[in-house]
Ligand SMILES: Nc1ncnc2c1ncn2[C@@H]1O[C@H](COP(=O)(O)OP(=O)(O)OP(=O)(O)O)[C@@H](O)[C@H]1O
């Protein structure tokens, strides 16, 4: 075994040296080619491509590849060793295989989809299905040109049929810093299927916490850009994520995969830009605080809760009929008379509006009709008998044109939205009540807030929809692809509106219903979203394996889900064992000094213990922001470098942090300390259990729960999974 390993290592070292010589030679040649600075377009394009190659090769020579696949096609005479890397590179000399194959190339898919077995493996190539035998699947770790590790995940000659998880487990055991990383060397089969799925489908992915949803979505974007290079561009792709700090956290993955310029935004930021409005900063933070401040005080959620109702497609219908009403009565009642003696009959204007410009949306239609009226006035002016009459008519005509335009409905989305909710006066010909019934409580609450100038996140999709119905959205303004992360917090209405802004229903929608902690918004089942698309335009995938946490943490979190939420969406761990989850009561033999609060003393002691280990990121998670602030004030005395994370952060620093659980969504820490994991902070409701589940699943290697002795029923001590009390000093 040792000998095999030695020879594999030697073999890979030789190959690496050869590859580096070849890369250096090509790079040298490119660098010695004079840079073209002239004006010839063809030469400029060639120079751009040379420059890209120079950059790619400079990157490649640090870590040329990460995997090797030995494959023999059914019709081929010999097996070939294919080396797979983040960027592909051709050889200088003509050869039957490239120096490095891009991980996104069709043949590279075998590296991910092959799960062992003695049968023929196959992959989809442009020329059709290629079948053959896989002989070897090998991971090689190269850092700064040094070969660090060689691990065979499958070897037909020695191993037997199964693919081993050993290399994956080694990778997962590493500590994490403040950024999400690429996973090209260990993408798993279930993830690969999503990454390589066809472009024009609304993919809905339910993935347990830590199943790689965010990571997979980013790899998918890199794949789409490679596979559909003539149809999509990075500038026309967008990722929606829950907050700006999260965007910062994921910001290294795409550049690492050689992809730049993809738009990244939160939904409110993007909506405000389309609507050309400024949103009040405090809204999101204030809503969060209201919901997460204390346990057990959350109102009951029904379909008539404002957030739920405003996220439903029922409101879309109400908006459509309101716009139709406005449009129907848009042309003013009277003929247009710019000055005495000149008359433009209303019937003519109606004809323009209702027939000639019928294909345009109302806002544009009004613009066209008014432009036509303006041209008509100019023609009429030419008939003026004298210069004085011309001057007089010009003046009067301009005034009456303006007054006539003012008689049209105000095609302003916010104003129409206010009319629908009766927060401002409605047009006289509108029916008494709202066109389709809006629940009285929603109507009252929304009208009250709109009158006060408050706009909530849930008001944005309806506003965008009104904007769209008024102005349309020309093809060139549509995205090539939209990624929505934490999609369980999106409403069907949000997705329906976004569908108007993307070509071919090209979505990657990812989320986890078990992490739907914002009970007042979002979906309760994925069918709510899938039903927006025709069956042939949507596909559903489930990711059930969790890669983030140790088996102990996952088993512990699964119990919270089944006992607290009655959820069937349990995670399957990778076989990576760690320390048991530690349950520590504040009363456990830890004496607080006089005047010291035992709770903060315990949290401080836990932080000191965990930050003393080899971990790079350790977080203290609290129920509310207020508690995080209070604990931070205490902890900072011993750990000057601890960060308080609140809703306003735009970047994530890593290291030691204290934050409320609801802001930790999507993030991960080597070790997590859940403060106040007791009934006083987490009630029996499913939303509370979900919140605790989110907190627990942030931990990669170590999870400690601190409590006042009264654990919620869904937090259960289990042999081999949990341990009570402090570790021995
Ligand atoms: N195939 C893989 N190989 C190595 N690491 C992986 C793999 N898939 C996921 N991971 C790691 O698992 C962790 C979780 O990934 P990610 O944050 O993308 O999951 P998620 O499903 O979005 O989680 P959450 O729902 O909790 O936000 C990350 O550290 C990621 O690098």
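Keep in mind that glycine also has a Cβ here, set from the backbone N, Cα and C atoms.
Going by TrEMBL, these are the annotated features:
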type	residues	note
COILED	9-63	coiled coil
DOMAIN	186-550	domain 'UvrD-like helicase ATP-binding'
BINDING	207, 208, 209, 210, 211, 212, 213, 214	ATP binding site
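Between the binding-site residues 211, 214, 211 has the most other Cβ atoms inside 10 Å of its own Cβ, all protein chains included. Within 8 Å of the Cβ centroid of the ATP site, not counting the listed residues 207, 208, 209, 210, 211, 212, 213, 214, the chain contributes 512, 543, 546, 547, 548. Within the model, the domain 'UvrD-like helicase ATP-binding' (186-550) carries an average pLDDT of 87. Around the Cβ of residue 212 (ATP binding site), a 10 Å sphere holds 26 further Cβ atoms from the protein chains shown.
In this view, residue 207 (ATP binding site) is surrounded by 26 other Cβ atoms within 10 Å of its Cβ, with every protein chain counted. Neighbour count (other Cβ atoms within 10 Å of the Cβ, all protein chains): 25 for residue 209 (ATP binding site).
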